[in-house]
Structure formats: structure tokens, C-alpha cells
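Database features, via Swiss-Prot:
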- 4-185: domain 'UmuC' (DOMAIN)
- D8, D103: Mg(2+) binding site (BINDING)
- F13: site 'Substrate discrimination' (SITE)
- E104: active site (ACT_SITE)
Amino acid sequence: MRKIIHVDMDCFFAAVEMRDDPRLRDIPLAIGGSKERRGVISTANYPARRYGVRSAMPTAMAFKLCPQLTLLPGRMAAYKEASQHIREIFARYTPLIEPLSLDEAYLDVSDSLACGGSATLIAQEIRQSIASELNLTASAGIAPIKFLAKIASELNKPNGQYVITPNQIQPFLQDLPLSKIPGVGAVTAKRLQALGLVTCGEIQKYPLAELLKHFGKFGRVLWERSHGIDEREISPDRLRKSVGVEKTLAEDIYDWESCEALIEELYLELETRLRKVKPDLHIARQGVKLKFHDFQQTTQEHTWPVLNKADLLQIAHAAWNERRAERGVRLVGLHVTLLDPQLERQLLLDWG
């Protein structure tokens with residue numbers, strides 16, 4: 001079986017700031033846009049998280065939770081420099097590196113001869129090198145498949161690692177909450193719970209045909225992940241073509257005001273994701289998706305190089321008026337298409 005490592009830096013942007021200014025180390029700190037400009041939080045250190053401050057949160061809300069919060073606008077050049085150094089450390093062990101953003105990546109070390117071929121020791125060495133060379137901490141997950149490696153990297157945060165061996169996959173999955181599977185949000189989790197499905201072990205006993213009936217193509221993903229199946233390869237030349245967020249509603253909505261409020265909420269999350277994945281390059285298009293109660297959907301796009309909430313609201317309002325035809329809306333999504341494949345390739349090759 002393969003040996004996959006998922007490395008995730010610990011509160012990366014904030015950690016770089018605390019490293020460069022030790023006075024920030026023990027106080028609540030966040031990186032993000034100002035509350036006066038209706039900004040959002042990109043990341044927060046652990047003292048701030050104890051107050052409930054988290055990424056994608058409106059900055060104004062963060063200050064309500066933690067009035068003494070120190071807010072910095074961020075220094076993307078410093079974060080990119082650190083990311084490049086981290087990427088160089090990864091490359092000492094394998095060429096099979098799939099960056100997900102500035103602060104996390106998958107590594108396939110199946111054929112690496114380092115550390116006697118032990119993925120556990122390789123992950124430990126990588127984390128030690130990051131600590132000694134950059135004075136930053138990273139967490140890691142080690143597993144034979146990608147999604148379990150990612151889940152494992154969260155289990156001993158911060159500054160730890162967790163291993164799932166091939167023999168441990170089935171015992172681990174038995175009690176694993178379905179909410180841990182990427183793509184299972186709050187609404188999907190509630191729908192699963194209504195069917196009596198809370199853990200991967202329960203999915204293993206559930207007919208695939210029923211999952212397909214209730215969840216469409218995603219039903220197969222649920223079934224495969226719950227059985228420990230994830231055949232996705234590590235993609236060193238992975239090109240991210242778009243960034244998007246969407247929400248399936250527990251109940252259909254019929255009034256524009258509800259849709260507008262949801263778009264306001266989704267916009268904050270989209271802005272945060274885009275900043276993390278693509279901090280300084282322009283976008284090509286931005287758009288809105290509405291899915292109706294009959295499962296038909298419409299997607300409207302607008303060519304514009306900068307993410308703009310007013311434009312997205314205008315696009316959505318036009319789609320609402322022109323395409324809805326009195327139908328209830330069950331899903332709302334926002335997305336941006338990234339500028340150019342060559343620029344995107346350079347972004348990933350340069351690790352930011």
C-alpha cells in the first residue's frame with residue numbers, strides 16, 4: 001500500500017508573525033482584514049482560538065468575542081518565503097508533492113529510501129527540520145490513503161503527528177464520524193443522521209443503492225471513504241482551476257432576502273479560501289449557482305479580475321428574477337475561476 005503524509009502548518013500566518021515578533025507569542029492574535037472594511041479572519045493563534053476566534057469569521061465578530069485581540073493585515077511575502085523553504089524540505093524526501101495551499105500539502109513517500117523507508121520517521125524528520133530551520137511547527141498525518149492522512153494530521157495538533165497503519169484502517173473507520181469526511185457539511189450530516197447514519201461503520205452496513213438514491217454521486221464517495229477506499233493519486237502538477245463555496249439548505253427558500261443573507265455569509269468564506277489558495281493573482285471570472293427544488297440549476301458568471309461582493313449579489317439577483325420561475329431554492333453557491341493555467345502552474349511550482 002502507499003505511504004501518504006499530509007503536512008499541515010500550525011496557524012501558519014500567525015505563527016510567522018509570532019516568530020518574527022516574540023511579543024505576539026502569548027497574546028490573542030489574528031491575521032485578517034479590518035472590521036471597518038468588513039474584513040474576515042484568515043487565521044488566528046491558539047490564545048485567540050480559546051475565545052472562539054476562527055478563520056473565515058467576520059473581523060467584527062472576532063472583536064466581540066475577544067476585545068483585546070491584536071489584528072495584523074498580514075505579510076504575504078513573508079508567508080510565501082516560508083512556504084518555499086518548507087517545499088524545499090519536502091523535496092529532500094520525495095518529488096511527489098501536492099500542495100493544497102500555502103500551508104499544507106500531501107506527500108507520497110512510498111518509494112522514498114529516507115529513514116529506512118519509514119513514513120512515520122520521514123514525517124518526524126520533516127517536522128523537526130521545519131522547527132529547526134524556520135522556527136515554526138507543523139502537524140502531520142500518515143496513512144495509506146489521502147483522506148485518512150488529512151484527518152490524521154488534525155488528531156495531534158499542534159506540533160504532533162498521528163499514524164494510521166493498513167491494519168488500523170478498519171478499526172479507525174468504525175467509529176469515525178461521517179462529518180470528518182471531506183464534503184460532509186452540517187446539512188449533509190443532518191440528512192445522514194436522519195437515516196440513522198453517524199459513523200463510517202454504519203455506512204458500511206448500508207446499501208450503496210440507497211446512498212446513491214439519497215445523495216447522488218456523492219453517495220458513492222461516502223460509501224468508498226467509509227470502506228477505506230480513496231484511489232486519488234498525489235498530483236505534483238495539480239492545477240487548481242477554481243475556488244468555490246456552496247451551501248445546501250435544510251429547507252427551500254422562496255424570498256430574495258434569505259438568499260441575499262446567505263450570499264453575504266458565503267462570500268466571507270469564499271474570500272478566506274481565495275486568500276489562502278491564491279493570495280495575489282487576479283481571477284478570471286466570478287459567478288453564482290442556484291439549485292432549485294426540482295434539482296435543476298443555473299449558473300451565472302461575470303468576467304471581472306477582482307472578487308467583488310456587489311457584483312456577485314447583482315448576478316445572483318438577476319438569476320433569482322430570471323431563472324427561478326417561483327421555484328424554491330435548495331442550494332446557493334459562489335465560485336471564482338482562476339486567471340490562467342500557466343500562472344496557476346507557476347503559483348504551485350513556486351509554492352505560492
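Backbone N, Cα and C atoms are what each Cβ position is placed from, and that goes for glycine too.
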Margin query: Neighbour count first, Cβ atoms within 10 Å, every protein chain included; then name which of D8, D103, E104 tops the list of recorded positions.
Written below: D103
Margin query: For the domain 'UmuC' (4-185), report the average pLDDT of the model, please.
Written below: 94
Check: Looking only at DSSP and grouping its letters into three states, which state does F13 (site 'Substrate discrimination') belong to?
Finding: helix
Check: Helix, strand or coil at D8 (Mg(2+) binding site), per DSSP?
Finding: strand
Checklist line | Where D103 (Mg(2+) binding site) falls in three-state DSSP terms | finding: coil
Next item on the list: Fill in the CA-CA distance, D103 (Mg(2+) binding site) to F13 (site 'Substrate discrimination'), as an integer in Å.
Entry: 9
Check: Taking the Cβ of F13 (site 'Substrate discrimination') as reference, which residues of that chain separated by at least 6 in sequence fall under 8 Å from it?
Finding: I31, S42, T43, G74, Y79, D103
Checklist line | Inter-residue C-alpha distance, E104 (active site) and D8 (Mg(2+) binding site) (nearest angstrom) | finding: 4
